[in-house]
């Protein structure tokens, strides 16, 4: 484990230097030397005199030697040694989840395209099931229910697309106000990631924070994160219930309750079908039982 973290720290040092540039890495280096303390500087092989000299000579024009790279990598390892392994696991899981989502999305897109292309033929074939003696009765019972549920899922997808569009517009305005470069490209990423539960927020926010850190520094990163939190709070507590309520003719409290209950029992991945399932249960079971009782 020690060898893995050392290699990762050295690699991270090189990546950070190439990504942020000399100016930003020099600032980070000075910060690491300051917070490491005497124990951390000793771990990196820096004497107090060498640390003072390094802090005095820090700057974009300072020569980046192999010795300095080694100091920087060891300082990174010392300051972040507790988080390296957990961060590595998190990144691996995030990449695995994103790859799986993209693969499933591609397969779903291909199946959907085939169904839409051959929809008239498939519709006529399914309609012929009514004439089959064995399947006529089950078809009569279940076909309307499947149609009603599919309609609800389609309406829910329309609502989610509208919410993603609103989220993209708000995020684009926030990026323009904060003067973050590449706002258009990042907005496209935000729109696509709006359909990915939970992980989509992380994936879409990471490039914004990276550009903000590169161009302005840590203060701008905090502003970007605050902007993202505000946008998603507006989306979750204002736009989401109102759009669902207007599109599916539901009370906003019913939408919030169904989203909360579904997330509690199935996790974030079940939020997409939360409202359609709740509406279907309410219409087909609760209202149907009430009408029969009357």
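Just so it is clear, glycine is given a Cβ too, placed from its N, Cα and C backbone atoms.
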Statement: For TrEMBL, the entry transmembrane segment belongs, out of 101-119, 120-138, 139-157, to 101-119
Message: Same chain only, please: residues at least 6 beyond the ends of the transmembrane segment (159-178) with a C-beta under 8 Å from a C-beta of the stretch. Say none if there are none.
response: 184, 186-188, 190-191, 194-195, 204, 208, 212, 220, 223-224, 227-228, 230-232, 234-235, 239-240, 243-244, 247-248, 272, 275
